[in-house]
Amino acid sequence: MFVLVNLKTYPCDPVAVAEAVRDVDESTDARLAVAPQATHLERVADTGAETWAQHVDPIDHGSNTGQTLAESVADAGAVGTLLNHSERRLKLADIDGAVRAAEHAGLETVVCANNPAQIGAAAALGPDAVAVEPPELIGTGTPVSQADPDIVEDAVDAAQHVDRDVSVLCGAGISTGDDVVAAGDLGSEGVLLASGVAKADDPTAALEDLVEPL
Ligand code: G3P
């Protein structure tokens, strides 16, 4: 299972969480990664933790102001990027452009979507993975795998109908090892989570709990 921890703009210490991700990753068969804010990418990547960006723009080098260039993210040490997160929605054409920009920079891609229909559309753009996250469950602590298991299974079906090679992750409210196991039982190959780790008093313990049953 892939466990991708999105730090959003939570007031956690990104380096401390990254060190916890690195250490727990070394003690488990699961793959762990962390997605800090763009300004923290380099410091986080320097810890040795697998580092992802939260977003890149569909642009190339040139006349762009205030945007995030995929090459810069890769130069900072990121190996992948989220795209179209529920809190950073893009138009369809821009998701397509951002997937291409990320691929050009050698970044792995996870395109987020709200529901199975959007997952099918996202999978058709050819990212490495898609992630279904019902927005109403984000940050609630109520796991999608429990509150809405059908949405995960339907997302897996929708993605595989389009492209059998695209991985499907799920997210929203995931915070325990049982949630991760339930996500896997529904056909998900990983989880995307934030508050369960970024807001935890002890991120290492939170991460250990997440991977303990794997
Ligand atoms: O990107 C992860 C996400 O939106 C889920 O957030 O806090 O419910 O784990 P959370």
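Cβ from N, Cα, C; glycine included.
Here the structure is a predicted model, which means the values were calculated and not measured.
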Of the candidates Gly106, Gly120, Gly173, the one that TrEMBL places in the substrate site of Asn6, Leu7, Lys8, Ile138, Ala194, Ser195: Gly173
Among Leu7, Lys8, Ile138, the binding-site residues whose C-beta sits under 6 Å from ligand 1: Ile138
Long-range Cβ environment of His85 (active site, electrophile), under 8 Å and at least 6 residues apart: Asn6, Gln54, His55, Cys112, Glu133
All-chain count of other Cβ atoms within 10 Å of Asn6 (substrate binding site): 24
